[in-house]
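Marked as disulfide bond by Swiss-Prot: Cys100-Cys180, Cys442-Cys445. Among the features that Swiss-Prot reports, phosphothreonine is placed at Thr140, Thr142. Residues or ranges marked as phosphoserine by Swiss-Prot: Ser230, Ser344, Ser347, Ser381, Ser383, Ser397, Ser399. The region 'Important for agonist binding' feature in Swiss-Prot is assigned to 107-112, 425-429; the stated evidence is similarity to another entry. Taken from Swiss-Prot, the feature region 'Disordered' applies to 245-337.
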Amino acid sequence: MSLPNTSSASEDKMCEGNRTAMASPQLLPLVVVLSSISLVTVGLNLLVLYAVRSERKLHTVGNLYIVSLSVADLIVGAVVMPMNILYLIMTKWSLGRPLCLFWLSMDYVASTASIFSVFILCIDRYRSVQQPLRYLRYRTKTRASATILGAWFLSFLWVIPILGWHHFTPLAPELREDKCETDFYNVTWFKIMTAIINFYLPTLLMLWFYVKIYKAVRRHCQHRQLTNGSLPTFLEIKLRSEDAKEGAKKPGKESPWGVQKRPSRDPTGGLDQKSTSEDPKVTSPTVFSQEGERETVTRPCFRLDVMQTQPVPEGDARGSKANDQTLSQPKMDEQSLSTCRRISETSEDQTLVDRQSFSRTTDSDTSIEPGLGKVKARSRSNSGLDYIKVTWKRLRSHSRQYVSGLHLNRERKAAKQLGCIMAAFILCWIPYFIFFMVIAFCNSCCSEPVHMFTIWLGYINSTLNPLIYPLCNENFKKTFKKILHIRS
């Protein structure tokens, strides 16, 4: 590619005498290889454009920048590469000045548009990661199309100096008809300025943007890991063994609601030692379960404050045998029970008993004072409401985490794709621009074979870009396989 003065023809002044040596029968294998690269570049970029057009999943705002990049790469493969190959095997330019200017214009415009397309793609990814909510309202196809048109407009500005340089500088040297070169091929200050604007400045900005993107994605991943640590994404399901069953038969260790009791406070503000649990992670009791192993579900729930009540006097109790497996015969009135179920705002891991086992409770397992029948029914009703509230909050939490996970995955995939595109772009173009800066100040340092190699290395970037998309994007990969009838 030829940002400033990339055409190999334009370097004849710097590498005089080398072109005749290159135009020999030994170039035939090289011409075959370069022609193959040109054909592959055209085919791959046409495949990208057809894939985006035919697959609805690829009709996204971000892929508009990919389309712009593919169009620029397609021009490089279909126009710039073939004419460069043609000029490579000729000892002199014999196609006329108009065709020469057309080739130079396409070379400069397409190569610059390719660079600018990568640049605006990087900006889009940066804003999507750094300002997701604000940029989401701004990120529309209309605005993306306007940005792309702006990049191409700036690229087409190359036509002005290519076609009209002699109008601005009357002292421009007279050009030979057998050479295809720009009027400013020997204007060092202009070439250096355009090299900085077209390559060095965008590259530095893209590297800065990508570092920011990488840090943001890494920060989001760490934040999500911390969030998942306090709010598990999935229910923790454990199979209770016989040991757990035997441990649940011990009196005083059970909660009829399947929720661990919090230590209640006495009127003086101290903790009631009777209600203090030894293990904060005690699982739900087995008093409501059937014989054998059962399944308990541990869910992050809201703490349930259970007020400590006075036990029923021994003379009022009925069914002493059942007392070992029931509520330890609490004597409660409706007012005290209404205060037994205060839900705390902070969430912690609690263990809820399986509601199905709760419904299978036998009469002997739940023998309570007859006067507490209404209280029992109301308590179950309150427990059901509490369970629904907790379940609803958990569903909302899972939904937020799911959406956040999808957004994070998109960020990571987009960052990976952009990183590959930038790496290929820099590796392909940095040799040319380094060599260009050297020969801009040292004409005798020019080597035509080296210069041609750096130019074609830049051209190959247009071949690599379409290969990067399916490697970094699953939708592109599936669409390519579908179009090419490749079975997974």
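Cβ atoms are placed via backbone N, Cα and C, with glycine included.
Of all the recorded positions in the list Cys100, Cys180, Ser383, Cys442, the shortest Cα-Cα distance to Thr142 (phosphothreonine) is found for Cys100. Of all the disulfide-bonded residues listed here (Cys100, Cys180, Cys442, Cys445), the one with the fewest other CB atoms within 10 A of its own CB is Cys442. Across the fold, the C-alpha of Cys445 (disulfide bond) and the C-alpha of Cys180 (disulfide bond) stand 22 Å from each other. Ranking the recorded positions Cys100, Thr140, Cys180, Ser383 by Cα distance from Cys442 (disulfide bond) puts Cys180 first. Summary for the modified residues Thr140, Thr142, Ser383: the Cβ-based neighbour count within 10 Å is maximal at Ser383. DSSP states for the region 'Important for agonist binding' (107-112), grouped as helix (H, G, I), strand (E, B) and coil, give 6 helix, 0 strand, 0 coil. Spatially, by CA atoms, the recorded positions Cys100, Thr140, Cys180 include one closest to Ser383 (phosphoserine), and that is Thr140. In this structure the C-alpha atoms belonging to Cys100 (disulfide bond) and Thr140 (phosphothreonine) are separated by 39 Å. Helix first, then strand, then coil: DSSP counts for the region 'Important for agonist binding' (425-429) stand at 5 helix, 0 strand, 0 coil.
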